[in-house]
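Q: Pasting in a structure now, in structure tokens, and then I'll have a few things to ask.
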């Protein structure tokens with residue numbers, strides 16, 4: 001039994017002349033016993049679908065699970081902003097079958113999804129770029145802008161000196177290049193000049209200051225003209241009228257008749273009434289002087305409009 005163990009030896013015919021026939025019969029028997037070969041799978045053409053007008057709240061998992069209901073998905077990419085990482089509102093889905101992709105494009109176009117009408121279109125092979133799905137699984141990292149951070153960082157005194165030295169060196173090279181090409185162009189220095197002492201700068205500013213002439217005013221005109229201009233302006237401004245607190249004259253046409261005293265008569269003599277505007281047309285009226293009595297006459301007084309009685313004056317004795 002130990003001699004029978006091992007790999008199977010090739011079968012040989014008992015009659016060497018019938019060896020060829022024996023091999024043919026053996027191959028036929030082996031062909032019958034073998035399992036039937038599986039049919040080769042047909043290669044399916046893949047189809048890409050463009051999805052637009054997507055809500056910004058949807059993520060990759062939501063869209064992938066929704067589109068997987070129609071068929072197998074080979075690749076998927078949701079476009080995102082490189083600066084913020086937010087969704088741009090469109091995506092690309094690649095199905096394993098082109099027929100499935102066309103069916104999805106027909107059924108999902110103008111479909112109301114999240115208060116928006118989806119734009120779903122089938123993309124032919126010519127329009128599909130080879131790098132369309134290159135960054136489909138890349139994780140988003142917020143950009144750091146290292147160059148901007150380096151430029152805006154706080155520098156010490158030694159670093160500032162090094163920076164000024166580099167700027168001066170670049171400025172010299174630039175001026176040499178312009179001079180070599182025959183370009184006469186002057187531009188300010190890249191490094192600001194160092195500020196001088198405050199006291200020295202103040203003196204220089206006072207020395208270079210142009211003060212107005214003593215004979216001239218602040219406006220540049222002579223002082224006499226300036227004074228006349230101020231007077232003209234003040235005269236043109238209307239002045240407020242002051243309320244006169246002078247007592248009204250004792251003579252009133254509507255009031256009670258005054259007492260005829262010597263002083264009253266002298267005052268009446270001196271009054272002059274003007275009839276016209278010219279001096280030649282003036283008429284002077286002189287009233288006759290009545291006889292003066294020692295006792296003053298008592299004149300009857302009319303009742304005042306307010307209802308108050310006038311005070312009685314005591315007669316002089």
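All residue numbers here begin at 1 and follow the chain in the order shown.
Even glycines carry a Cβ here, placed using N, Cα and C.
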Q: Can you tell me which of these residues Swiss-Prot lists as phosphoserine: 74, 134, 234, 270?
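A: Candidates were 74, 134, 234, 270; Swiss-Prot attaches phosphoserine to 270.
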Q: If Swiss-Prot marks one of 257, 299 as phosphothreonine, which residue does it mark?
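A: Matching 257, 299 against Swiss-Prot annotations yields 257.
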Q: Between 75, 150, 203, which does Swiss-Prot record as citrulline?
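A: In Swiss-Prot, 203 carries the citrulline label; others show none in the record.
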Q: For residue 181 (SUMO2 cross-link), list the number of other Cβ atoms lying within 10 Å of its Cβ atom.
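A: So the Cβ neighbour count for residue 181 (SUMO2 cross-link) comes to 8.
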Q: Looking at the recorded positions 116, 181, 194, which has the shortest Cα distance to residue 267 (omega-N-methylated arginine)?
A: 194
Q: For the recorded positions listed here (194, 268), which one has the lowest count of neighbouring CB atoms within 10 Å of its own CB?
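A: It is 194 that, of the recorded positions 194, 268, has the fewest other Cβ atoms within 10 Å.
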Q: At the level of the C-alpha atoms, what whole-angstrom distance separates residue 116 (omega-N-methylarginine) and residue 181 (SUMO2 cross-link)?
A: 62
Q: Cα of residue 268 (omega-N-methylated arginine) to Cα of residue 194 (SUMO2 cross-link): how many Å, rounded?
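A: Residue 268 (omega-N-methylated arginine) to residue 194 (SUMO2 cross-link), Cα-Cα distance: 91 Å.
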